[in-house]
Structure formats: structure tokens, C-alpha cells
Amino acid sequence: MLRVIALLVVAAVAEHDREFTVRENARAGTLVGNLGDELLDAAPPYTIVPVQGSAVNDDLKIDPHTGEIRTRVPLDRENRDHYALVAIPASGDNIRVVIRVSDENDNAPTFPTPVMNVEFSENTPRDVKRKLNPARDQDLGIFNTQRYNIVSGNTENAYRLSSHRELDGVLYLDLQINGFLDRETTDHYELVIEALDGGTPPLRGTMTVNITILDVNDNPPVFAESAYSATIPENATIGTTVLKVSATDSDAGENGLIEYSINRRQSDKENMFKIDPETGEITVNKALDFETKELHELVVVARDKGAQTLETTAFVSIRVTDVNDNQPTIDVIFLSDDATPKISESAQLDEFVARISVHDPDSKTEYANVNVTLSGGDGHFDLRTHDNIIYLVVVALPLDRETRSTYTLSVVATDKGSPPLHASRNISLRVTDVNDNPPVFLESVYKNSVPEAAAPGTPVVQVSASDADEGENSEIRYSLLPTPQSEWFAIDERSGLVTTRARVDCETNPMPKLTVVATDRGSPPLSSTATLLVTVLDVNDNEPIFDQSFYNVTVSESEAVGSCILKVCFCSKFKDHS
């Protein structure tokens, strides 16, 4: 042992360095090299001193007599990449020998685990990376891992790979989002990823990456139908089921649990209906009435239970069907100028008297046909219709107010329900007057006398006329037709009292004849006349008057006694005297 140490000390002073290379996996016995080549002063035999722990004796066979180095077994670079020894020749300097094992592509890239589990939230943005376990290859250089590929499972090209090599020589691997994830479309991916080295052909290793897509509340509930409709009779009891709405949510967990409600701000403020929040069943909550409201429109909300809730709405139309629980109603509009129940006696046949509309609050389909009849009026009025909804009362026979001024008509409406219901309406119709009757004097000739000495204002006679019309048509005003003697008299236009206006004169006209006129105030006015004969009674109100104021007579002296020598004349107003 002391001798070896001494030799090593000497070698340390004067050494040669030899380096050999041998291909890994070369078969046993492959020549690596010769220790003495190129060293003239290092001839065999050699003493071989392996560096401690270099396994020279195990893997190499060195002939000390020739210096030939051969492999004892196929070498594995990944197990040992070099061998070191010192060869001490019999003469000359010592030789420090390094035998390097060159790499071959005999190792495929290997992932640390065959399966890796990864989670992504479905709202993960594009290009986000997630580190994956890299594949490691014991080979060197180009024979190490060079690239990664996705072999299968990349549905819709949702992912891509990126890699980078760090100082430790490992090609690290990242999984990147390549598109947009949607758990509701694909909730799981099973990617087979391969790692390839640079050999020819390349060696490869694979790893399965199980990707679970985590749900976010990105989908609102969806109703099976956007609009629902149902019918229910108005006598349905509280709690009766109307219909059931249904919605689904493609999200998972709480995000996909649905709760139903009715939007009371937009619909059904009277709470006529209620909805089961879990099942979506809509039931009657209050008594329904077709006549109050026959169509109810609800806005139903389906809301999920996610942290940030999403909701959607559907419209529900509920039509209330009728039962015959209402009698018809009758509305009458009178077609007179002031909309009162009246008709002029001058109305023509078929002239409209009133408009009658019949309404049955019950169903327009089942109970819309209502039978309407008109009675009363003694045939002077008739009822006509074209649609059994609007009726017209018309004049059927001529009217005469002076004969009959009012009529009582009865309208009866009967529906066709089972049992039928009916309503009636009485109409008191007034026949209005037209000026179709002139005044009529009680007498056609009035006679009276008045002394010629009567003072002005002395009553002579009172005439009287009547008018069968009414109102202004029957108001009478009296007057005298102008004649030479009409100025002697006056007549009160309202009472018909005839009085003297001035002194009458028998000597002028002992029996003046007057015409009295009675005129109504209709439009146009009508009138009639009567004759008034007034006898003027004479009084001695005139002195005799000579026919001349001076007479001149000549008498013969021989005129006999008793002879008429002059005849004088005088007269009153109506008689001569001599």
C-alpha cells in the first residue's frame, strides 16, 4: 500500500491525461481505447488504480499487459456517465484516465404521474395558464424532451400547450385556455398529452390530464314555454290548480336550483293567484268573477339560487270562463234633441225614438244571444235590430199628441242560459206637441150693444178661443182687424175683452161690424177669426139745425090771410124737418 501511495505522489508530479469516449449500450467487449497510445514513455505493463466509487472494475475490463480497455457490460450513461482511473506504467509518467459514456436516445420522456387532475372555472379568461407536471428525460441534449403535444380529448380546440426550458434543463409545461369554456356544453375534458424527445425517431411519453370545469352561475333559468295559457270557470274554488309552469337551469348545484314567484309589481296586484315556489304550480287564491275580469295576465319569475342570482320571466294568460250568473242589462239612449224620452207627434213612420243596447255580462260565446221584446204603445212603436245587440225603437203608426200624449213601453231581455235570466226596462215616452191646431172661438159671431154716450174703456163683450195644442202652441193673443170703425174699439190681447177706445156715434154707424182674430204663438203661428156685431144705441145728443141762417121773403099786399109766404127746414143728423 505504501508503494501505491508513493507512485501516486510521483504521478501527481508528472501525469498524462487521457480521455476516451464510449457509446452507451455498446455490447460487452467493445474496445474503448488503449492506455499507451500516443504515450511513448508509458509502455505497459500498467498498474490500474480505479478512482474510488467509479465502478471501473465492474463495468470495464482493462488489460494491464497491453493497456487495452474494453467494456465488460453494456454501459448506461444515465446510470454512470464517466469512469475515472489512474494507470501507472512500469516506466514513465502516470496516466490519469477519464472514460466518458456518450449518450444515446434510449430513454423516453417520462411524466412523474400518468394522470393529473386539473380544475378550471368556466368563466376563466382566455390565455390563462395552469402549470402541468413536466416530462423528464434522462437523455441529454437533443435526446432530451423537446416538445409537447395534445394527442386527444381537446374538444373544440379548447386548450393549447406552451413550454419553456429553465436553467435546470427541464422543459416545463403549461396548459393554456385557447377558447371559451362552457360547463353546460362540456363539463369534463380528458386530454392525452405526449412529450417527445429529439431522437430519430423520437421517443415519447404520455400523461392523461383530467380537466373538470367548475360551474359559475352564467345561465338563467329557461322556461319550457315562453307563454302559458289556461282557462278556468269563474266558480272555481280557492286552491284549484290552474296550471303548472316549468323551467330548467343548465348550471349545477345551487346555481341550478330554481324558485318560482309572481311579479306583483307588474301583474296580479290583487293576489288572485298564487304559485308554489318549488313546483311552479299556480292555484286560485281568491274568488274569481268573469264579469269583473275575464282575462288575467301573470308575469311569472323563475330565479336560481346562485350567489349572484339570475332570473327569467314567462307570461301566463288565464282566461276566466263564464257561468250564467248574471241577468242581461239594458241601456237606453233616447234620440231626442235633449236625450229625454220624448218623440214629436209629427214624427214620420220608421223615425228613431230610442237606441237600446243589450249586454249580458256573461260569456260572449255561451250566453251572448239575448232575446229582446217590446210591448206597450198600442202598435204605435216597433223594435228593430240587425245584430241582436243594438236595437232601435221606431215609430210604427202616426202619432197625435192631442189624442194621446204619453205611452208606456216595456223592454224585456232574456238570455239563453240554463236556466234563462231576464231583465226588463219600462220607458215612459212623452209625445211632444207641434203647432197643428189653430185657435177655435167658442162662438163664430158675437153680438152686443153699447150706448153711443159710453165713455172710452166701456166693456163691450169678451171673446174666448181655445187651442188643443200645448205650451206656446196653445198660448193665444187676440187682435182686431182694421176697419173704419175698429178705431172705436180696443181688445185686450190676452183676455179677449173688447172695450170702447173712443166715443161711438150712432149717427155715423149704428151697427159697426168687427173681425176678431185669435193667434197662437206656435212657429209658424196659426189663427182663426170671429165676427163681432156692435149695436150703437142712439141718445138725443143733436140740436135741430136750419138749413140756412138767413131767409129773405117778399109778400104781396094782396096776399090772403093764411097764405104760405115761406117754408123753412131744419134737421137733426139723421132726419129732415120742415
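Placement of Cβ uses the backbone N, Cα and C atoms for every residue, glycine included.
The signal peptide feature in TrEMBL is assigned to 1-16.
For 14-111 (among others), the entry in TrEMBL reads domain 'Cadherin'.
Sequence annotations record features per position, and here TrEMBL assigns domain 'Cadherin' to 112-223 (among others). Using DSSP to sort the residues of the domain 'Cadherin' (112-223) gives these counts of helix, strand and coil: 6 helix, 57 strand, 49 coil.
Summarising the annotation, TrEMBL assigns domain 'Cadherin' to 224-330 (among others).
Here TrEMBL flags 343-441 (among others) as domain 'Cadherin'.
This prediction places the mean pLDDT of the domain 'Cadherin' (442-546) at 91. Marked as domain 'Cadherin' by TrEMBL: 442-546 (among others).
Among the stretches 14-111, 343-441, 442-546, the one making the largest number of Cβ pairs under 8 Å with the domain 'Cadherin' (224-330) is 343-441. Assigned with DSSP, the residues of the domain 'Cadherin' (442-546) fall into helix, strand and coil as follows: 7 helix, 46 strand, 52 coil.
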